[in-house]
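The block underneath contains the structure these notes are about, expressed in structure tokens.
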Amino acid sequence: MANLRKTHPLIKIMNDALVDLPAPSNISVWWNFGSLLGLCLITQILTGLFLAMHYTSDISTAFSSVAHICRDVNYGWLIRNLHANGASFFFICMYLHVARGLYYGSYAYKETWNIGVILLLLVMMTAFVGYVLPWGQMSFWGATVITNLLSAVPYVGDALVQWIWGGFSVDNATLTRFFAFHFILPFIVAAAVILHLLFLHETGSNNPMGLNSDTDKVYFHPYFSYKDILGFIVMLLALITLALFSPNLLGDPENFTPANPLVTPPHIKPEWYFLFAYAILRSIPNKLGGVLALLFSILVLMIVPILHTSKMQTLTFRPFSQFLFWVLVADMLILTWIGGMPVELPFIIIGQIASILYFTLFLLLIPMAGLMENKMLSLK
């Protein structure tokens, strides 16, 4: 009798993706982040589901309902802390996953890469609307500031902002629709993840050498299934440690104050994982220019495959491009730091220099380094 695992229409799909999948034998720990992101998504959907059972999306009760979850619901404090800090881990894994893609030239698989960039945007949207739900000071003012950016759109800007708000300011209608968006978006993300995997399995995984690995493949199970489980254990341990020992480390103290439209916090800033983009937004004195720079800071990833000039796929054997990659990493960290600082000297100028460098690296320096390395390869 034929093996059910290989013949059943549904189980066969799972088998081809998780058991008999041919994987390059040399993929390193940097290839663990895809499965870790899957784990993050499942964790967030489950904890979010239990939070949604007790949360009320009304401005008069939203803040109290979050307090009620933490005080009165069985293990509500744990579910809430896991959900809030799970978002941080989601973004850490996502940024590392993107960095891996940039370093090892995984953007050569254009469909997989572009769906990945769309996924990044979807998750950022989900996190933004989710941050508004507790209805604390930073929730309210963050929502006000970021949604207000849409007023920079020529001609239709003001109408667009009022349409999203459902009125003339961030109010009850805004909170209700943001809760609806926050509930539906993770399922759209899950659908996009399936597409992401579908396109990935058309080509197979890249590997650290950037060479064709058809001659040296191993089964996904048991080799990489166990490797992924090790990653799961490490990440869950880190997440649980953060959620139990220092759950508010990455949050903003302002959000412990209920939203008040009459009192503006001294420093309005988003969660830490958006600070680099926020720094780019703030470094341009013009509103529309800032919004475009903010958008392009993520969308620039879409044109990375077009700007690939090197004869080699990965940076493994390209020291100049490697140096520029690490400059980009340092630049992102500087932008993250600047995004959390007040708008005053010397932070303004540092942010502007870091923003210019960010785009120059992507659009000019890294492609030029690729051309230079090609030249050096052809030297006799």
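Yeah, the Cβs are placed from backbone N, Cα and C, and that goes for glycine too.
Sequence annotations record features per position, and here Swiss-Prot assigns transmembrane segment to 33-53 (among others).
Long-range contacts of the transmembrane segment (77-98) within the same chain: residues 30, 33-34, 36-37, 40-41, 43-44, 47-48, 50-51, 66, 69-71, 116, 120, 123, 127, 130, 235, 238-240, 242-244, 247, 250-251, 271-273, 301, 332, each at least 6 residues beyond the stretch ends and with a Cβ under 8 Å from a Cβ of the stretch. According to Swiss-Prot, the transmembrane segment annotation covers 77-98 (among others), on the basis of similarity to another entry.
Per Swiss-Prot, the feature heme b b562 binding site maps to H83, H182; the stated evidence is similarity to another entry. Counted within 10 Å of its Cβ, the other Cβ atoms near H83 (heme b b562 binding site) come to 21, all protein chains included. According to its DSSP assignment, H83 (heme b b562 binding site) is helical.
Among the features that Swiss-Prot reports, heme b b566 binding site is placed at H97, H196, with the record citing similarity to another entry. Proximity of H97 (heme b b566 binding site) to non-local residues of its own chain (separation of 6 or more, Cβ distance below 8 Å) is seen for F33, G34, L37, G116, given in sequence order. According to its DSSP assignment, H97 (heme b b566 binding site) is helical.
As annotated by Swiss-Prot, transmembrane segment applies to 113-133 (among others), with the evidence given as similarity to another entry.
Residues or ranges marked as transmembrane segment in Swiss-Prot: 178-198 (among others). Here the transmembrane segment (178-198) has long-range neighbours at 17, 37-38, 41, 44-45, 48, 52, 55, 57, 112, 115-116, 118-119, 122-123, 125-126, 129-130, 132-133, 143, meaning same-chain residues at least 6 beyond its ends whose C-beta is under 8 angstroms from one of its own.
H201 (ubiquinone binding site) falls within a helix when secondary structure is assigned with DSSP. Taken from Swiss-Prot, the feature ubiquinone binding site covers H201, and the record attributes it to similarity to another entry.
Residues or ranges marked as transmembrane segment by Swiss-Prot on the basis of similarity to another entry: 226-246 (among others).
Summarising the annotation, Swiss-Prot assigns transmembrane segment to 288-308 (among others) and lists similarity to another entry as the type of evidence. Residues 98, 102, 105, 107-108, 110, 113-114, 117, 120-121, 124, 149-150, 152-154, 276-278, 280-282, 355, 358-359, 362-363, 366-367, 370 of the same chain, all 6+ positions outside the transmembrane segment (288-308), place their C-beta atoms under 8 angstroms from a C-beta of that stretch.
Sequence annotations record features per position, and here Swiss-Prot assigns transmembrane segment to 320-340 (among others) based on similarity to another entry. Sequence-remote contacts of a segment are chain residues at least 6 beyond its ends whose Cβ falls under 8 Å from one of its Cβ atoms, and for the transmembrane segment (320-340) they are 95, 99, 102-103, 269-270, 272, 274-280, 282-283, 310, 347, 350-351, 354-355, 357-358, 361-362, 365-366, 369-370, 372-373.
Within the chain carrying the transmembrane segment (347-367), a Cβ under 8 angstroms from the stretch's Cβ atoms is held by residues 279-280, 282-284, 293, 296-297, 300, 303-304, 307-309, 321, 324-325, 327-328, 331-332, 334-335, 338-339, 341, all 6 or more beyond its ends. According to Swiss-Prot, the feature transmembrane segment maps to 347-367 (among others).
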Residue pair H196 (heme b b566 binding site), H182 (heme b b562 binding site) - Cα distance, angstrom, rounded: 21
Cα-Cα distance linking H83 (heme b b562 binding site) and H201 (ubiquinone binding site), given in Å to the nearest integer: 30
Cβ atoms near H182 (heme b b562 binding site) (within 10 Å, other residues, all chains): 22
